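Please read the structure below before turning to the comments.
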């Protein structure tokens, strides 16, 4: 995991051969959907695990089966996930595999294909979300419009920037800059930063529409 100074609170997974191999598979348009899902889930799990590393902890002692004391840590506070629908829902299982019985809220924000502006359609969040650490889920960070819209909603509901950790699979430099300029204290954990955006606002080299491929609605 490395911090990206030029983008503020941005943390990128170590670019190991394993991670590069996983991305080679999910970026390959000739691969079947089943392989995309399997290997995308592996990347998502890595991102979630790293996101959890950014939660506050306090020291804790337990007694082992050998009647020996072990000094460890326990997480402070409660968490919840918030997926930016629909693609963000692909990351929910990875979060549930790491955090049993975690509460997950949903925000539906769709991008206008002509203006590329985000439009809010649906929201359902835990009533006590302002008292929780929020893992915001969306696999692709392109322009950052949808992410910023979701973050504004969370802030308006009483969440502090420091409580929000944004998890995504692929980010663009433009999206990272836009999010950081608007919310400099929100941490972002991503698996990789791609080259940039094309004229249509899509990430390149990217992998296409993550949600369409994952949920089987690719044309």
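Backbone N, Cα and C define each Cβ position, glycine as well.
Copied over from Swiss-Prot, here are the features:
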BINDING   33, 42, 76, 77, 78, 79, 103, 132  GTP binding site
BINDING   86, 111, 138, 139, 140, 141, 142, 143, 144, 145, 146, 209  5-phospho-alpha-D-ribose 1-diphosphate binding site
BINDING   202  D-ribose 5-phosphate binding site
BINDING   203, 208, 209, 210  uracil binding site
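Swiss-Prot feature annotations superimposed on the structure.
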residue	record	DSSP class
33	GTP binding site	helix
76	GTP binding site	coil
86	5-phospho-alpha-D-ribose 1-diphosphate binding site	coil
103	GTP binding site	strand
132	GTP binding site	strand
140	5-phospho-alpha-D-ribose 1-diphosphate binding site	strand
146	5-phospho-alpha-D-ribose 1-diphosphate binding site	helix
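It is 23 Å from the Cα atom of residue 132 (GTP binding site) to that of residue 86 (5-phospho-alpha-D-ribose 1-diphosphate binding site). When the binding-site residues 42, 77, 78, 142, 208 are screened for a C-alpha within 10 angstroms of the C-alpha of the residue listed as 'D-ribose 5-phosphate binding site', the residues that qualify, in sequence order, are 142, 208. Neighbour counts of Cβ atoms within 10 Å were compared across the binding-site residues 76, 138, 209; the minimum falls on 76. It is 77, among the binding-site residues 77, 144, 208, whose Cβ has the fewest other Cβ atoms within 10 Å in the structure shown. The binding-site residues listed here are 33, 78, 86, 103, 132; among them, 132 has the most other Cβ atoms within 10 Å of its own Cβ. Counting other Cβ atoms within 10 Å of each Cβ, the lowest count among the binding-site residues 202, 210 belongs to 202. Same-chain neighbours of the uracil site beyond 203, 208, 209, 210, judged by a C-beta within 8 angstroms of the site's C-beta center, are, in sequence order, 140, 170, 202, 206, 207, 211, 212, 213.
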